[in-house]
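Peer 1: If you scroll down you'll find the structure; I have some questions about it.
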Amino acid sequence: MPSKTSSRFANINPNVFVSTIMIIAIFLAIVILAPDAFELLTQQLKNWITESFSWFYVLSVAFFLIVLGYIACSSSGKIKLGPDHSQPDYSNSSWFAMLFTAGMGIGLMFFGIAEPIMHYVSPPSGEPETILAAQQSMRVTFFHWGLHAWGIYAIVALSLSYFAYRHDLPLKIRSSLYPLIGKKIYGPMGDAVDTFATIGTIFGVATTLGFGVTQISSGLNYLFGFEPTSFSKVVLIIIVSAMAALSVGLGLDKGVKRLAELNLVLAVTLLAFVFFTSATVYLLQTTIQNTGQYISNLFEMTFNLYAYQPNGWIGGWTIMYWAWWISWSPFVGMFIARVSRGRTIREFIIGVMLIPTGFTLIWMGFMGNAGLYSILHDGNLSLLNAVQRDSSVALFEFLHSLPFSGVMSLLATVLVVLFFVTSADSGALVVDYLTAKSEDSPVWQRLFWIVVMAGLAIILLLAGGLTALQSATIMSALPFTFIMLLICWGLIKALRIDSTKMQAIQEARTTPRAIQNPRSWQQRLGLIMHYPHSKVEVDAYIKKHVQRAFESLEREFKRRHLTVAISETDDGLQLKVDHHDEINFIYHVVSRETMPPSFMLEQEHNADVEKYFQAEVFLREGGQNYDVMDWTEEDLIQDIIDQYERHLYFLSVMRAQTGN
């Protein structure tokens with residue numbers, strides 16, 4: 001009998017889990033023993049990467065956008081992230097709220113006011129502190145927070161959700177490489193990829209926690225006069241982590257989802273307040289103009305490396321942003337994938353790319369232009385000086401110039417805290433997925449990673465290693481960019497196969513045979529109007545008649561030297577024909593609940609008749625939307641052969657295309 005200790009750790013992937021802990025321990029030891037030398041080394045490496053590989057980042061991010069646009073417009077856009085019959089797990093509003101808060105919600109709070117003013121003071125080109133500099137600052141801010149950022153997230157999220165929900169692979173980064181390395185994803189190579197993604201996620205969240213408490217401290221200092229100290233920042237990290245632990249303990253639906261929805265409501269409230277209490281017409285006009293300039297200059301900005309006027313601006317801003325989004329993409333991409341099951345690929349790309357980007361542009365447009373208006377028209381030099389001195393106070397200094405500044409500063413502080421909580425709890429869920437063998441892990445594993453990230457942030461905060469950690473996180477983006485390019489290759493390859501299968505099946509489509517054996521018309525009518533109210537009746541049919549049909553086919557397939565497996569599932573019976581290196585054939589009969597037709601309700605006048613059950617056919621790609629209940633064994637065998645013939649046609653098309 002296994003011990004309680006062994007069962008408690010049974011769901012841990014030891015290779016990824018232990019490797020992650022060891023790397024974190026080594027990193028902490030270096031930072032604590034030689035903090036100055038390590039910070040200097042990481043800073044120099046970061047500078048070398050941004051100077052030498054800026055062209056590579058620019059081309060890669062542009063390529064990600066092109067790939068997403070191609071997939072969305074192609075026939076692959078109709079493919080679902082899951083079986084063909086699957087439906088979205090979350091409503092559109094809940095889905096968008098979770099995308100927004102996990103992706104960059106906290107960044108908008110930090111940079112919404114500060115970044116446009118920083119570009120206004122120090123633009124990439126031209127004279128600073130002019131009207132042209134103000135226009136350029138908004139255009140650049142839109143560029144950094146717009147389509148490119150969400151394109152990076154979308155590539156990782158799309159690949160993960162496609163392979164996890166469409167092909168039943170683990171929801172892990174390694175699964176994205178399956179078309180390229182096959183079953184090696186389950187070996188050391190896959191463990192290495194997941195370990196790398198885990199380290200990047202932990203470092204990214206820990207950096208956010210460490211630097212984020214600075215903005216929370218600024219809000220508390222403004223509201224209550226609390227002077228920020230190392231002790232107060234440690235206490236804040238502990239409080240935020242405790243709230244994240246509570247959210248994680250409640251789970252994705254009750255905790256993370258509810259918190260994300262609350263965040264979105266409060267963020268919209270703050271944005272509406274700024275819009276109506278600032279220069280409303282000015283904000284509308286400038287935001288619309290900024291959006292037009294952003295769209296019209298999108299291609300130029302995408303490939304602009306400032307090669308003819310070299311300066312450190314692009315490395316300190318655009319390349320830093322691209323590297324930061326890439327380093328966060330395993331974390332955000334996995335979380336987006338986790339909540340996107342059941343959507344079509346086209347719906348997914350449009351949703352992930354356009355909806356959060358639209359909200360981000362509105363937020364940056366209203367907040368950034370409100371800050372610039374305060375400086376340009378109201379002469380608010382204190383805001384300008386505050387941003388130059390400490391960008392974390394920008395939001396609170398701006399709110400000070402508006403009515404009800406105390407109340408709104410309190411709301412802003414609460415929002416910052418909640419955004420940090422959602423980043424921490426989402427990060428813990430993602431790290432838990434990466435280091436566990438399955439998604440059904442105990443709560444203590446998620447809580448453990450909350451403690452690890454909080455402890456890492458506290459130690460580095462006290463030891464002065466947060467800047468080094470931030471540099472290390474950005475540096476990790478370079479090798480992961482190569483992995484993302486491989487992910488694109490594997491995704492396109494898999495989608496091509498899926499699209500070919502859809503086309504081949506369409507070309508070889510046969511109508512379900514239904515009832516072929518001779519029967520009187522009265523018998524046929526009675527059978528097609530038979531709506532079983534009991535699941536037991538359908539289960540009994542599957543266990544008896546479907547089982548016999550499967551066994552008859554099994555004997556014939558084996559006589560022809562094919563490997564066949566019949567297996568019971570939670571909801572039915574499955575027949576699988578093994579084709580070795582090619583895609584296997586699956587015919588699955590499922591006992592499925594469905595709504596009765598309206599005429600049935602009218603005829604029976606029975607309040608209890610709210611549902612009936614059917615024996616629906618599922619193939620590898622999902623439900624086929626026809627019922628085989630009451631078919632004879634011969635009918636079933638003929639239908640299976642029809643479906644198998646379509647599958648063989650698809651395999652022949654694939655062999656012709658690949659030359660095998």
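Here the Cβ of each residue, glycine as well, is placed from N, Cα and C on the backbone.
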Peer 1: Answer with yes or no whether Swiss-Prot records I12 and L177 within the same membrane-side topological domain.
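Peer 2: In Swiss-Prot, I12 shares its side of the membrane with L177.
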Peer 1: Which sequence positions outside the transmembrane segment (196-216), separated from its termini by at least 6 residues, show Cβ-Cβ distances below 8 Å to it?
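Peer 2: Residues 16, 20, 23-24, 106, 109-110, 172-173, 228, 233, 236-237, 240-241, 327-328, 330-331, 334, 392, 395, 413, 416-417, 420, 423-424, 427, 430-431, 434-435, 449, 452-454, 456-457, 460-461, 466, 469-470, 472-473, 476, 479-480, 483.
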Peer 1: Would you mind listing the long-range same-chain contacts of the transmembrane segment (447-467), meaning Cβ under 8 Å and 6+ residues beyond its ends?
Peer 2: 21, 24, 28, 31-32, 35, 38-39, 43, 202-203, 205-207, 209-211, 213, 230, 233-234, 237-238, 240-241, 244-245, 248-249, 424-425, 427-428, 431-432, 435
Peer 1: Report yes or no: does the transmembrane segment (140-160) come within contact of the transmembrane segment (264-284), defined as 3 or more CB pairs under 8 Å with a sequence separation of 6 or more?
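Peer 2: Contact between the transmembrane segment (140-160) and the transmembrane segment (264-284): absent.
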Peer 1: Any chance the transmembrane segment (348-368) and the transmembrane segment (264-284) have 3 or more Cβ pairs under 8 A, given the pairs are 6 or more apart in sequence?
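Peer 2: Per Cβ check, the transmembrane segment (348-368) touches the transmembrane segment (264-284).
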Peer 1: Taking contact to mean three or more C-beta pairs under 8 angstroms, with sequence separation of 6 or more, is the transmembrane segment (402-422) in contact with the transmembrane segment (14-34)?
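Peer 2: No; fewer than 3 Cβ pairs under 8 Å.
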Peer 1: Do the transmembrane segment (472-492) and the transmembrane segment (53-73) come together with 3 or more C-beta pairs under 8 Å, pairs six or more apart in sequence?
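Peer 2: Contact between the transmembrane segment (472-492) and the transmembrane segment (53-73): present.
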Peer 1: I'd like the per-state residue tally for the topological domain 'Cytoplasmic' (74-93) from DSSP, helix first, then strand, then coil.
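Peer 2: For the topological domain 'Cytoplasmic' (74-93), the helix, strand and coil counts are 6 helix, 1 strand, 13 coil.
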Peer 1: Below 8 Å between Cβ atoms, which of the listed ranges 14-34, 53-73, 264-284 makes the most pairs with the transmembrane segment (317-337)?
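Peer 2: Counting Cβ pairs under 8 Å, the winner is 53-73.
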